[in-house]
Amino acid sequence: MKFFMVFVVTFCLAVCFVSQSLAIPADAANDAHFVDGVQALKEIEPELHGRYKRATCDLLSGTGINHSACAAHCLLRGNRGGYCNGKGVCVCRN
């Protein structure tokens with residue numbers, strides 16, 4: 001059994017080394033599309049992230065812990081607590 005495991009591990013390592021040694025370098029045609037450094041940062045489009053104020057109250061309202069989750073959220077922000085108003089928005093107290 002030990003011999004079999006040693007053989008399998010050795011075989012896997014050999015396959016990895018052979019696959020790396022057979023890798024073909026990229027040709028110059030692919031280098032034209034590669035963007036590096038500061039230019040790459042300028043060309044990257046920013047991702048759109050939504051900040052949903054109602055996530056704490058609306059998503060957790062079905063579990064019955066909506067006000068507790070809102071209060072915990074406000075405590076983590078450094079406020080004295082909070083509550084969910086009628087529109088489902090977490091309102092933190094000062």
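Every residue, even glycine, has its Cβ placed from backbone N, Cα and C.
Source: prediction; values computed, not measured.
Features reported for this protein in Swiss-Prot:
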SIGNAL    1-23  signal peptide
DISULFID  C57-C84  disulfide bond
DISULFID  C70-C90  disulfide bond
DISULFID  C74-C92  disulfide bond
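Residue density at C84 (disulfide bond): 21 other Cβ atoms are found within 10 A of its Cβ, drawing on all protein chains shown. In the three-state DSSP scheme, C84 (disulfide bond) falls into the strand class. Cβ-based neighbour count (10 Å, all protein chains) for C90 (disulfide bond) stands at 22.
DSSP assigns C74 (disulfide bond) to a helix. If you count neighbouring Cβ atoms within 10 Å for each of the disulfide-bonded residues C57, C92, the highest count belongs to C57.
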